[in-house]
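According to Swiss-Prot, the features are:
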| type | residues | note |
| --- | --- | --- |
| BINDING | Gly31, Gly32, Tyr33, Asp49, Phe76, Asp97, Gln104 | S-adenosyl-L-methionine binding site |
Amino acid sequence: MVHKPVLLNEVVEALSPKDGSVYVDATFGGGGYSRRILETAQCVVYAIDQDVVVKKYFDELLQSFPGRLNLAISRFSKLREVVLSFGVDKVDGVVFDLGTSAMQLADASRGFSFMNSGSLDMRMCSSALRDAAMFVNTVPEKEMADVIYQYGGERYSRRVARAIIDARRKCRINNTGDLATIIRSAVPRSRVHPIDPATRTFQAIRIWVNNELEELQAGLEAAAEVLKIGGKILVTSFHSLEDRVVKHKFRSLCDMGFSLINKKAIMPTDEEVKNNPRSRSGKLRAIARVE
């Protein structure tokens, strides 16, 4: 399954790539943003992704744009170091497409989805020290409930944590299917918001495993450091926690020589949501360095 980048047209329009410019695609994934940027102008893209699986998509895209595309397998909190490692000091723009990719969700062995039972992993970087199995089978009940509430917004977080603790006392929880069943037993299904009861808890665990909010904060700070005057940072987020980090960081940057490109987040059109249901929760925020 190929990942469809959300708000692609809006991102490229706001970025407005120019010939001779240098851009960073901080979340390469399937290469959708990078491809469109490279098609739009005779520029160079430095791509970053912590998932080694993306090398396949990078190699394919490189054939179309030899000498103009580079990849570093790294976290975007290391963005500044990556840019410097390529011999570049400042760039003209940085784009972020947050969250999981369609490829990650489709691969049951990665553990990101409960649609098909797979390993309790959820690591975006295969060398990361902690995974979902560690969270589910070792984290104390109170900490577990707090994570599920804070990162997932799950109002029944205490019930979910209690159900997981009770289940792991009987035997180790080893796969996403079993975990989803345990969560569903603790969360009443809502008639008003008919999402799967496991959705919020899976999101919370994924954020914990990958330290996503701290990574995002560090990535935005690094992007601001490497940006030229006139350069832009664009971020597409998919849940309120991510969006809050972006909004607050952009607000603080406005006191440091930056200006918002759009005061309100840009949302996907009805047509895009119809063609790509994943886009429905997408929000694009953009900021430019003006001094």
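The backbone N, Cα and C atoms fix where each Cβ goes, and this holds for glycine too.
What Swiss-Prot annotates, mapped onto the structure for a quick look.
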{"residue": "Gly31", "record": "S-adenosyl-L-methionine binding site", "DSSP class": "coil"}
{"residue": "Asp49", "record": "S-adenosyl-L-methionine binding site", "DSSP class": "strand"}
{"residue": "Phe76", "record": "S-adenosyl-L-methionine binding site", "DSSP class": "helix"}
{"residue": "Asp97", "record": "S-adenosyl-L-methionine binding site", "DSSP class": "strand"}
{"residue": "Gln104", "record": "S-adenosyl-L-methionine binding site", "DSSP class": "helix"}
Could you tell me the maximum Cα-Cα distance in Å between the residues recorded as binding S-adenosyl-L-methionine, namely Gly31, Gly32, Tyr33, Asp49, Phe76, Asp97, Gln104, rounded to a whole number? 18
Per 10 Å Cβ neighbour count, which of the binding-site residues Tyr33, Phe76 ranks highest? Tyr33
For Asp49 (S-adenosyl-L-methionine binding site): intrachain residues, at least 6 apart, with Cβ closer than 8 Å: Thr27, Phe28, Gly29, Leu71, Ile73, Ser74
Proximal but sequence-remote residues of the same chain as Gly31 (S-adenosyl-L-methionine binding site) (Cβ under 8 Å, at least 6 apart): Asp25, Ala47, Val54, Tyr57, Phe58, Glu60, Leu61
